[in-house]
Every structure is written in structure tokens, then in C-alpha cells.
Amino acid sequence: MIEQIKARFTPKQYFVELLFGVVALLGLYLIIAWSSYSPIDSTWSVSSYQPETINKAGFLGAWLVDLFFALFGYIGNIIPFVLFIAPIYFIRTKLVDSLTWTRFSLRMMGFVLMLCGLTMLTALLFSDPVYYLSGGVLGGMLTAWLLPVLGKFGALLLAIALSSVGFVLCSGASLILLLVKFYHWLTIKNEEPTTENSTPVAEHNVQSTPITAEPSAKETRKNDFVDVTHFAKPEIKGLTPKTETQEQVVESSVVEETQEVMPQIIPTTISQATPHVQIESVDVSDFDQTQFDFQLKSDTPLPTVTIHDDYSSLMEKPVELELPTPVVKEESAVDFGQDFPTMPTISLAENESKTAFTVSLSDSPAVAHKDEDDEHFYALQKQFEEREAQRLAEMEQRAKALDAEDLFQNITTVSEREEQPEKQAPVYKPYENSLIHPLLQPTQTHTAKPTTPMPTLDLLDQHSAQTHEITEAEIIETSRHISQKLRDFGVKAEVEDVLVGPVVTRYELALQPGVKASKVTGIDRDLARALSFNSIRVAEVIPGKPYIGIEVPNKHRQTVWLRDVLNTPVFLQSKYLLPMALGKDISGEPIIIDLAKTPHLLVAGSTGSGKSVGVNTMILSLLFKVKPSEVKFIMIDPKVVELSIYNDIPHLLTPVVTDMKKAANALRWCVEEMERRYQLLSKLFVRNIEGYNEKIAQAEEMGLPIPNPIWKPGDSMDTMPPALEKMSYIVVIVDEFADLMMVAGKQIEELIARLTQKARAVGIHVILATQRPSVDVITGLIKSNIPSRIAFTVVQRNDSRTILDQNGAEALLGRGDMLYLGNGTTDLVRIHGAFMSDDEVRRIADDWRAREKPEYIDAILESVDDNDEEAKGASSDGDLDELFDEVTEFVVSTGTTSTSSIQRRFRVGFNRAARIMDQLEEQGIISAMQNGKREVLARRGEY
Ligand SMILES: Nc1ncnc2c1ncn2[C@@H]1O[C@H](COP(=O)(O)OP(=O)(O)OP(=O)(O)O)[C@@H](O)[C@H]1O
């Protein structure tokens, strides 16, 4: 050890460091003298004799400080500090090692120039104090000489120039760079300016820090160098590592020879060792990096490169490190090299030989310096390779001696991977006449017709139980921390209860009497910062408890799987008409709501917060519990891909609507349907859908079907009013409501408002989802009719208030974390949304598709306006519908005369089909209705 230390120091270094040490001590002595300076002490400039010296540093200290003041005026104040700080800085940053006489002289000269400049400046700018001149004798003399020659302005300029040049020469730093850094610091771009940052590169370049020395984590960070500390570094035990002395010699020789800066590669210790042979550090110094001091500094942040400690992976993946370019070192105190660092590439790549890896340096275009540099560079590269080969040979021998050849092979041998066959240009088949492509066909899964009455939960994946990874000690520690921090903010509270949930942990606190909960809510962000959490949420009310809750995110978040939520008695045994699972609450209890009671739902949150997954969860819960005869869906999906997975399930009243114009028609149809249902309810003297369905059931039991009381002849082809059937619930789901508002804002708003105001009693429920929680989308009119709301995470408090009328959603954690505001309450419930894969959704949809076919109602998407347009067009065109010819062909060839078959065949609404039938009758193609039937009068070929 001592030998190693000895080897590191040369007599010159000892001497210089000693000298600097003495100067620093002198500086300290002078600082004491300066701090207790008294102008009445007997000193150089004081003629009266004082028997006692007041100065704490005695006569000598008082005398010296006075001398500085007399000679340099105000600038004399800084000299003791310079004498103290400068040597310490030089020793600490090891700049001492690189100090040459030339550089030392330049620095001293710079210092003198700076002194002259600064004393002149103070002499020119400040008035003289009582005891000495403001610029001292030096400044006074210089200004006295120069003022008559240059005038005040010229003297001022000269003083500034002298100070600047002196500073540059003395410190070796670039003035421009310092200004830039200062600017960055001012604008808080440079967050951690360190003294080292201002150190000239050239001086770092020649540092003689031994390359094999393990840098401390702190040093590594401070130096801002490329951190290759994960670089696996095996050293087989028993092999004699190269001594520091050897490295030092090689290092210094090369530095002197090349005068180039190379990146420092800092080796580290491999973490895993084989059972027999302990792997220690890769002696990266053996990689010839020892020949150079690779330390580089740059103002640009360098990436931290992590290379796995597994050598095989290293071999497989060439790693490229982008580093600042070597800067040509000049033997000068001034170096601007670091101002504009350029970037060479260091790549750790495969070598064809048995070399583990090579370090190759290639100049970036910016480095395209001189030819000499290139020569140096190639010479160095060659040297690298030679030494590498030599090193490996030595290692191999040692490994043999240790019987660790296998390990050596692992480490060094580049797996001789077979040459990749050259990539063949892909051969494409031309499209020919068809654009049919197998990948453009919908993926049809043909599920056999299920035998169970309803889909079973087996369609959902089973996931293993997850455990909480929080320990009691952690909980106690956090509780203590929370109380402490609250106290710091002036709130006295003690943690009384802790609830560990799947995503967050809630610390329930009893507040000191008289302390308002809103006081804690007001400091939630500061509290989160103080507790080092991304965000915390303060629950001002915990139902049933006299506490407030502070919810902090768990370190390890669990996923709430849909199956785990549905496979609970709460859901399976629920008697709800329209049960919808949302997820689990903080304590892990499943949360199921009844849409029939909700009765409409607004779901909002920023993009990616989990809305679509949430809406899917709701739909799937209904699909598990409710039959198509009981509930029907109208799905509106402007995003096209979110809900189209449900197309053709029997619950749909119309295919998933992706065209926003048609979506408006669908809403209009819902309003008409609502009105129709209300008429029926009034005729049956019931107040809601439940009462209506009960009456129908009674009538069925009695065997006396109720004729439709609002039917009029012509409404259908029937001659008698058809019997009333049970009404199914209708759930209208809009996945992106803002898109709908964009197409027909006011109209949509009115339709939604009408539906949400009245539709509940007739079994029509609306779920609106939007990722734009702004007041132009979620308008007051809409909000006032939808009291139940779900907020996923939002960006700002305003958004939270728009959705929930209170803060909180901005503190959610995303990915399904939501706040639920139930109908008729102001208490928010935090729920962690259930999650399921797309595959699971597909399986359930397939299961229903295999059970029944949907009965779509075409009229839903037809617009009244369209019909009007068509009607207008028809009358102006001689009263014939556009489809007249086609329908005639159809009627005559098939003999079909029913309006509903025309509706189905030509996908038109009832009104239009009936009108065409009338036209056919007028034209004598079919007869008038007799006994509810028409006959085809025309023969084929006549028309
Ligand atoms: N309950 C959940 N549990 C875990 N992860 C979830 C959950 N909900 C959503 N995520 C994750 O968040 C991602 C985004 O979810 P989702 O597509 O539902 O967001 P969104 O709000 O609908 O976004 P956008 O508005 O952009 O469509 C999902 O792909 C999923 O990875």
C-alpha cells in the first residue's frame, strides 16, 4: 500500500503540494488578520506607535493586511482569500500535478494584470476611504499616469481589458464560457454548476488520477464523466494485477507523447462471480486505456451507459458510447478547448479475433483536425490493439495456471456466430385484380354455441394472487413522517389507522380539535413534496370515521383484474337490474353500481387515463349479467377501434356507430323512442319501465296480451294493433363525446339533455365518456342532468372541478385510478379500475355472437332530414322514389308485397318503404291492401 502511494508521488509533487499548503495556511492567517483589522494598530502606513496590537493575528498580520490595503486599496480585501482558496483548489482538483513553469508564469502574470486592472477600476470608480486610496498605491499610480494620456473613458476601458485578460490568463477559464454559464445559471438551465465545471479541460486532461483507482460514486457524479461503471470487469483471483507504478509510467509517458485527451473509462467490479473463481474488476487499464487519461468534461450532459455485467450480452450487442471529442492540449494556462466539445464515438464491438472487445475511436466530422492528430490517433489505436493482444495472452496463461480456462473462454471468446445470410430483397406479389388480403379480413373466431345460459367467468383469465409488498416497518415510518411533516406545516395530527390497498395506502389521521381538514387539503402539494411522493390525495371525509385520509401511492402497484372483481359475491349475487363493476376501492373491496339507479354516467379524464378500459369494464359486467332481451346497447365510437369489438353481439340495436352524423340520428331516435315509451306508460297507467314490464308479465300470465294502445293503421302492415311486449333497457354509450359535440354541438347538447332529463323512467341510460373535460364539452346543461360522474386522472384542478365540482382528480395516479361521485352525494370514492386484456373482451363478445344474432333497427341511423330530403327529391322528380325501379324489380320477381321485407331488403325506414309501396300501388304494380294483403298485378318484363 505504502509502496503504491510512494510510487504515485514524485519529489516535484511533494514540493509543490507542500508549497501550496504553506500558502493556504498563510492565507488563513491573513484572513484572521483581515477580520480583526484595526486602522489604529501600528502598521506599515501608521506613523504613531501603539504599544498593544488589537489585531488577533498580531503585529505581523496587522502589518501585512495594512500593506495590502495601502498597495491595492479595496482589492486588498480579497487577497487573503485568494491566498487561502487558490492553493486548496489547486490541490483538490489535482491541477498541481499538471503545473509547469510556463503555466505557472502565465498564471502569475495573469494575476498581476488582473490586480492592475482591478485596482485601476476601483481607483476610477470609487472615492477614497479615510485611511488609504480606493485603488491603493498601485491603482492610484496607474490612473495618475494614464488619465492624462487616455482620458477617464480610455482608462476605464483599459482597466476592464486588463482585468479580463488577467482573469483569463490567471484562471485558464474562458470568459465567454463563464458568461454563458452564468446566463444558464440565471435562467436555471444549469441546475448544478460545480466549481469543477469551470475548470479548463486542458488541466483535467493531464490529471494523473490513476485509472485503476475505483472512483467513488460521489466523484463520478461530480466529474460528470461518462459513467461506465457497470462495465463488467473480471479479474481472476490469483492473477497479479498490474501495479500502479507501471500504469503511472505508461500513463504519463503517453500523455506526454500524445498531448491528447482521451475519455476516461472507469472500471468497476463485476457483481456476479462463479462458484470457483472470483471475478473481480476487469482491469480496464489492461485495455490500454491506462495509457491515457481518458477524463473528459463537457457541458453537454452525457448519457449514462449501462452495460450488463454479462459478457455474453456484451458480445452480442455492440455498444456505442457517444463521448465528447479529445481536445488538443496546449501547454498553456489558457484553454478554450472545452467551449465547443466535439464528439468521437467509442464503440465496444465484436472483434473477429479472440479479443473480448476493442475500443475504437473515430473522429466526428467536427474533429477533422490536422493530419498530425490523425497519425497520433492511428498510432494509438495500433498500440491499443497490440497491448490488448498481449494482455489476453497473459490472461490466458494465468487462467490456465488457475484451471479457469472455461471462465476465460466465456469472458474473452467472441462467440463465433454464423454469418448472417445476406438479407434478400423481399419479393412482393403484385396486387393483380384483387385487393383482398388475408390480413385485411376481420379475425373471425368461430365459437361453438355455448351451453350455459349466460357467459361464464371462465372466459376471463385467471391471475395469481398478488401480495402487498409494503412492510409494517415502512408503514410505521411513513406514518411518523406524515405526522412530522404536518407538524412542520403547523397542523397537529396523529395517524390512527392505515389501510393498504392495491394501488394506494391511506393513512387516516385524527386532527387536533379545531383544525380544519381544508388546511391539510390546501397544503397537499407541499406535503407530497416534503414526503417525496409524486402526488398525494387528501380525503377530507372518510364515511363513518372522524378522520381525514392521506392517500399515498404504493411503491409496487397491483393490477385489479376484472375477473377478481366479478368473481365476488357482491357481483355474482347482486340483484341490481343493470350491475356494473368499476373496480376495487382503497381497501380492496369490489365496487359494483347499478346503472338503473345511477341513472346516467359521465366519464372524463385526460388521454391515456383509462377511460376506454373503464367503459369496457362496465359493458362486460352487463354482458355477464343481462340478457339481450333485457338490455340493448347503442354504441357510439368516434375512435372507431374502441368499441367495434362488440359489433354483432345480440345486445346491439344497431351496429357500432362510428359516423358522427349518424350518431346524432341515433340520439334523435332515442329521444323519439323515449317519447313513444312515455306514451305507452301513460296508457298503461304506470310510472316507469319496471311497472310497465310487470303489467306485461301479468297480462302474459293471464293469457291476455295487451294491444298496443298507440298503434295507428298504417304504422305497420298489421291490420290489428300488435300486442305489447316487455321493454328492454337501452344503454347509450358514447366513447368520445367531444367529437360528437364538434359535429353538431347545440343539437347534441339538447338531445343529451332531453334524454338525461327524462329517459331514466323509461329505461334509457346514457354513459358519456370524454377526454376533454372542458366546459364547452361538459356544459352546465349536460352536467346538471348527470349527477353520477367518474373522473380519471386529469391535468389540472380546473378539469377536476369541471367533472366533479371539486378537486382531487388531478392527484390520481392514472391507469384506471378514478374518483366516483355517486348520485345524490358529494363524497368521492376512490376506485382502482378493473383491467382486462383485449383478448378477454373478444372472448366474451364471441361468446355472445355464438349465442344469438342481433336484430338491428335500421331506422336508428336514418335521419328525419334524410327522409325529408328524399321526400322532396321524390316529389320534384315526378313522385317516384330513387329506389322505385329496384323495388319494382324485387316485388315483381319475388312476389313479396310486405313493407317490412322492403325495409329489410333495401335497408330503409318504415316511412320510406310505405311510401314506395303507395307509389307501386299508384302505378298499378301492386293492388290496394285487402285484408291486410296486396297482390302483385304486373308481370315480369312489363316494367
Ligand atoms: N385499470 C387499469 N389497470 C391497469 N392499467 C390500466 C387500467 N386502465 C388503463 N390502463 C392502462 O392505461 C392505458 C390507457 O388506457 P385507455 O386506453 O383506457 O385510456 P383512455 O383514457 O381511453 O385513453 P384515450 O382517451 O387516449 O383513448 C391502457 O392501455 C392500459 O395499459
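Using N, Cα and C of the backbone, Cβ positions are placed for all residues, glycine too.
Given the structure is predicted, the values throughout are model-derived calculations rather than measurements.
Under DSSP, K611 (ATP binding site) is assigned to a helix (H, G or I) in the three-state scheme. Here TrEMBL flags G605, S606, T607, G608, S609, G610, K611, S612 as ATP binding site.
Among the features that TrEMBL reports, compositional bias 'Polar residues' is placed at 195-211.
Summarising the annotation, TrEMBL assigns domain 'FtsK' to 588-801.
Annotated region 'Disordered' per TrEMBL: 195-219, in sequence order.
For 14-37 (among others), the entry in TrEMBL reads transmembrane segment.
According to TrEMBL, the transmembrane segment annotation covers 67-92 (among others). Same-chain residues lying 6 or more positions outside the transmembrane segment (67-92) and placing a CB less than 8 Å from one of its CB atoms are 17, 20-21, 23-24, 26-28, 30-31, 33-34, 37, 43-45, 99, 115, 118-119, 122-123, 126, 128, 131-140, 195.
According to TrEMBL, the feature transmembrane segment maps to 104-125 (among others). Tertiary proximity for the transmembrane segment (104-125) is limited to same-chain residues at least six positions away from its ends with a CB under 8 Å from its CB atoms, namely 72-75, 133-136, 138-140, 142-143, 146, 152, 155-156, 158-172, 332-334.
What TrEMBL records for 131-150 (among others) is transmembrane segment.
TrEMBL lists 157-180 (among others) with the feature transmembrane segment.
Using a Cβ-Cβ cut-off under 8 Å and counting only residues 6 or more beyond its ends in the same chain, the transmembrane segment (14-37) has close neighbours at 54-57, 60-62, 64-66, 68-69, 77, 79-88, 90-91, 96, 99. Of all the binding-site residues listed (S606, T607, S609, S612), T607 has the fewest other CB atoms within 10 A of its CB. The sparsest Cβ neighbourhood within 10 Å, among the listed binding-site residues (G605, G608, G610), is found at G608. Highlighted in sequence order, Q771, F792, T793, G814 have their Cβ within 8 Å of the centre of the Cβ atoms of G605, S606, T607, G608, S609, G610, K611, S612, the residues recorded for ATP, and are not part of that set. For K611 (ATP binding site), the same-chain residues that are 6 or more apart in sequence and have a Cβ closer than 8 Å to its Cβ are V603, A604, G605, D735, A769, T770, Q771, F792.
The domain 'FtsK' (588-801) scores a mean pLDDT of 89 in the predicted structure.
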